[in-house]
Amino acid sequence: MAIKRSGNSDRPAKNPSSTPGTNAPTLLSPTPTHQEKETSEEKIRPHRLEDYIGQKDLKSILAIAMEAAKTRQDSLDHLLLYGPPGLGKTTISLILASEMGVNCKITAAPALERPRDITGLLINLKPGDILFIDEIHRLNRLTEELLYPAMEDYRLDITIGKGKAARTQSIHLPKFTLIGATTKVGALTSPLRDRFGLIQRLRFYEVDELTLIVLRTAQILDTAVTEEGATEIARRSRGTPRIANRLLRRVRDYMQVKNGTTIDQELASEALDIYQVDKQGLDWIDRLILETMINQFKGGPVGLEAIAASTGEDAKTIEEVYEPYLLQIGFLNRTPRGRVVSAVAYQHLGLTSEEQLSIF
């Protein structure tokens, strides 16, 4: 299997909403750092479906799809994967390519700004190849419309010329598989979403699954870790394998500086406390969000923009990076009137609902 990344995917995406400051990636960010993209993640990715830990139901469905496609000597049906970042959407795509013995071309929707960007990728596909488009909900209208006949009829319709002299030329494409990844499945248009034969959601991982992932990664990195140490890291990883692997590397740093030889529960706990990752996997920004809501808005309900303005954090970052996990563990509730801090969050912060905090 060859992995090819679109050259355009390295072009910085335009994001007018981002501002410098606290919304820079943190230790618990589910999005990969540049270094992780280039080296670490590639090294520790599994290459077979049976080696992929977690997502049991999804694995069963994909195994059936692959077996059926191989029996028919056909390509896989188009697949849409959705869920929070860091759960393995790219890894699954690479595994499918490896298992099917085809190439996987990787790109992201923000890189496909012009029709020629997607056209160049499509016409270079070989039979059975997989085209993986990350953040597919961000495709522009022209690019999306080019994909409709490509997905449905394996045909690329190109307009040549302008005005009255314009004509449409159709180019035959080999049968291929489009895998789209998104954190916002509701943002996809119905015509695009309806062209996927399989639509599957990735869920957050359980602690026992993350423990196995940490143990596997530690073995690949030649790092000694006890099961208790792996569990301590897993417990603070926000249900996300990418974060678990990142925390393992930081705990390994701490162990080496302390001249340790093995990551046990005590050492892992000490290291993660230094990195301000608490027992529930919250970092200082999570706590800032909760404390701001309690201190300034009496626990809510409060709107997202008000939280962003009060914390100095970007609203999109709060919504996409921090809020999903706080909702998952029940620390936040979303109501028609806004976000509300739950009683469980008060308890975790050592407060009663009547108490208030001073912002640190």
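Every residue, even glycine, has its Cβ placed from backbone N, Cα and C.
According to Swiss-Prot, the protein carries these features:
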BINDING   Ile44, Arg45, Gly86, Lys89, Thr90, Thr91, Glu152, Asp153, Tyr154, Arg195, Tyr205, Arg242  ATP binding site
BINDING   Thr90  Mg(2+) binding site
BINDING   Arg334, Arg339  DNA binding site
COMPBIAS  15-33  compositional bias 'Polar residues'
COMPBIAS  34-46  compositional bias 'Basic and acidic residues'
REGION    1-46  region 'Disordered'
REGION    13-205  region 'Large ATPase domain (RuvB-L)'
REGION    206-276  region 'Small ATPAse domain (RuvB-S)'
REGION    279-360  region 'Head domain (RuvB-H)'
**Fill in**
The rounded CA-CA distance in Å from Arg334 (DNA binding site) to Gly86 (ATP binding site) is 23
**Prompt:** Arg339 (DNA binding site): which of the binding-site residues Gly86, Glu152, Tyr154 is the nearest Cα neighbour?
**Reply:** Gly86
**Request:** Have a look around Ile44 (ATP binding site) and count the other CB atoms within 10 A of its CB, chains all included.
**Result:** 19
**Asked** For Glu152 (ATP binding site), what is the tally of other C-beta atoms lying within 10 angstroms of its C-beta?
**Response** 12
**Item:** Sequence-distant neighbours of Tyr205 (ATP binding site) in its chain (C-beta under 8 A, six or more apart)
**Value:** Gly54, Leu87, Ile213, Ser237, Gly239, Thr240, Pro241
**Request:** Could you say which of the binding-site residues Arg334, Arg339 has its Cβ with the most other Cβ atoms inside 10 Å?
**Result:** Arg339
**Message:** Excluding near sequence neighbours, so keeping only residues 6 or more apart in the same chain, what lies with its CB under 8 A of Thr90 (ATP binding site)?
**Reply:** Ile106, Phe132, Asp134, Ala181
**Request:** Note down the number of other Cβ atoms within 10 Å of the Cβ of Gly86 (ATP binding site), including every protein chain shown.
**Result:** 27
**Request:** Would you give the longest CA-CA distance, in whole angstrom, between residues of Ile44, Arg45, Gly86, Lys89, Thr90, Thr91, Glu152, Asp153, Tyr154, Arg195, Tyr205, Arg242, the set recorded as binding ATP?
**Result:** 37
**Item:** Secondary structure of Ile44 (ATP binding site) (DSSP, helix/strand/coil)
**Value:** helix
**Message:** DSSP-wise, what's the residue breakdown of the region 'Head domain (RuvB-H)' (279-360) into helix, strand and coil?
**Reply:** 42 helix, 9 strand, 31 coil
